[in-house]
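Okay, so here's the structure we're looking at.
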Amino acid sequence: TLRMLLPALLVLLFCFRGRAGTSPHFLQQPEDLVVLLGEEAQLPCALGAYWGLVQWTKDGLALGGERDLPGWSRYWISGNAASGHHDLHIRPVELEDEASYECQATQAGLRSRPAQLHILVPPEAPQVLGGPSVSLVAGVPANLTCRSHGDARPTPELLWFRDGVQLDGTTFYQTMLKEGTTGSTESTLSFMPSRRDDGATLVCRAQSQALPVGRDTAITLSLQYPPEVTLSAEPQTVQEGETVTFLCQATAQPPVTGYRWAKGGSPVLGARAPMLEVLADASFLTEPVSCEVSNAVGSANRSTALDVLFGPILQAKPEPVSVDVGGDASFSCAWRGNPPPRVTWTRRGGSQVLGSGPTLRLPSVGPEDAGDYVCRAEPGLSGLGGGAAEARLTVNVPPVVTALHSAPAFLSGPARLQCLVFASPAPEAVVWSWDEGFLAAGSQGRFLVETFPAPEGRGGQSPGLISVLHISGTQESDFSRGFNCSARNRLGEGGTRVSLGRRASGSFSEPKNMVRIPGSSDGSSSRGHEEEETGSGEDQGPIVHTDHSDLVLDEEGALETKDPTNGYYKVRGVSVSLSLGEAPGGGLFLPPPSPLGPPGTPTFYDFNPHLGMVPPCRLYRARAGYLTTPHPRAFTSYIKPTSFGPPDLAPGTPPFPYAAFPTPSHPRHQTHV
């Protein structure tokens with residue numbers, strides 16, 4: 001029997017010793033828990049070696065020992081009490097449930113560690129101020145504000161998206177209501193809207209730990225923008241004088257309210273439609289046409305210039321140039337055309353092209369280079385425009401003094417000696433001198449000097465001067481001595497010797513071989529015949545010798561005295577006033593008329609080979625006529641001298657030093673830039 005009881009006793013002893021050695025303890029304690037608002041919270045609690053009362057506390061307040069926790073409708077305890085499980089459940093969780101919870105074994109005096117229950121509140125959908133359609137003005141900085149209200153926990157983050165892409169440039173604001181809580185959260189997006197933003201959708205998203213996917217609010221942008229203008233011209237390339245149509249198109253929000261047109265900045269009056277028709281001219285190339293379109297927001301304009309084809313137009317004509325001999329001369333002219341015209345330089349009366357381009361340069365000019373230079377532009381493709389402009393080159397040289405033929409005089413009668421002076425610059429004075437005196441102007445004893453402009457010199461030279469020495473009551477010594485006519489300018493001095501011829505003695509009256517030029521003014525109608533015979537009255541008008549018996553001819557029939565300037569001066573058509581005294585032979589002596597024109601045209605006298613002897617003008621009583629020379633180029637047969645001085649007045653020497661030089665082998669050729 002003892003053997004049978006021994007095992008049972010051992011089992012009882014073991015059980016007793018085990019039960020007596022185990023104390024109540026926590027098998028599982030609650031931990032901090034985060035729960036979304038409205039969800040269920042479960043805080044676990046498990047005890048070992050304890051079968052007594054178990055209760056939960058909330059922030060130190062006992063919830064009760066019953067499993068259903070009366071008075072706490074959303075709270076209860078679950079689990080098998082015999083196995084020591086006492087889990088606290090809360091459903092649905094509300095904000096007031098956020099607290100510190102403990103599981104307590106009251107009879108054993110055990111308390112779990114506190115477990116903090118955190119309630120997450122998802123954010124509400126944010127609000128965008130001005131939405132759902134926000135009106136903006138293109139080009140004006142804009143701020144979009146997104147605001148989140150409510151008791152979202154934690155504070156939500158507000159983000160902006162466009163087409164799924166997060167946007168930068170946001171500013172975040174938080175409004176605090178009281179310590180630890182927020183009233184509202186704002187996010188402001190700053191950007192510069194443009195035309196392409198019209199109709200775009202932007203999304204403001206509020207997201208937090210309580211709602212990681214966030215909640216979105218979308219808005220649509222409605223952009224107001226000034227007109228966007230396109231301007232076209234048809235055709236874009238046009239001939240001058242053709243019709244061109246401009247079309248102005250625009251997109252705008254709000255709609256277009258008006259059109260305005262301008263050309264070169266000046267309004268086109270009356271043009272208020274989106275289309276404009278004009279006749280193209282050269283000005284459209286440099287004066288663009290612009291179209292301005294307006295709406296309630298603003299205005300915009302576009303401009304375009306036409307490619308107008310037109311012929312050359314002179315913009316700057318060449319200016320006259322005056323240089324000293326040996327200096328450099330240059331001319332410039334400007335022509336405008338499309339396409340740019342070809343500009344060439346020639347000399348008037350010549351065909352040789354001296355240069356091309358806007359500038360002509362003539363280095364080291366001589367007297368032979370004096371003349372008129374022509375800047376010419378060829379017509380354009382349309383055949384319109386083009387033309388020529390010319391300017392004169394004056395080469396400054398010392399005076400050239402030439403003796404003009406003077407009619408022989410009677411002893412004791414009146415006489416007249418004449419010289420022709422060409423100089424550039426004009427001489428300071430023309431002086432007559434003889435044995436016992438000199439005279440530049442006015443009267444002195446029997447002598448009277450008059451100086452007046454001669455007809456125009458050849459192109460490029462200043463008009464000459466004709467100086468006349470009147471002698472009243474000639475004496476024997478006047479026929480034997482010489483009279484000097486001289487002139488000086490800043491470049492030198494020139495002069496010539498003039499002799500007085502004597503007529504055979506006879507009646508001192510108007511010779512039969514002199515006739516008055518018809519049509520001349522007769523200022524002596526009130527004078528008697530005696531006055532006319534003695535020659536003491538006013539000049540009766542120009543007198544022309546018809547027999548020319550006093551001209552000395554060589555074997556060829558030409559006058560012996562040659563033109564020392566070789567046609568350098570060509571005189572034509574300039575009127576000058578004369579006061580030539582009272583002599584019966586008062587006119588300048590003229591050569592035989594040359595038949596250069598049909599009957600009834602003005603008579604021309606060719607004195608070119610005889611300038612030293614025959615006066616180069618046709619005189620009316622109060623007006624001088626024409627000086628001509630057939631030579632188109634001045635000094636083509638001379639080489640420029642190295643220096644200038646007064647001419648050698650010794651008998652038999654030419655009165656102008658150029659006459660002694662040989663002919664150059666080559667004329668001036670093209671010089672240009």
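Cβ atoms here come from the backbone N, Cα and C positions, even for glycine.
All TrEMBL annotations are machine predictions without curation.
Segment annotation: TrEMBL labels region 'Disordered' over residues 649-673 (candidates 349-373, 549-573, 649-673).
Summarised by DSSP class, the composition of the domain 'Ig-like' (123-220) is 3 helix, 61 strand, 34 coil.
Mean pLDDT for the domain 'Ig-like' (24-118) in the predicted structure: 92.
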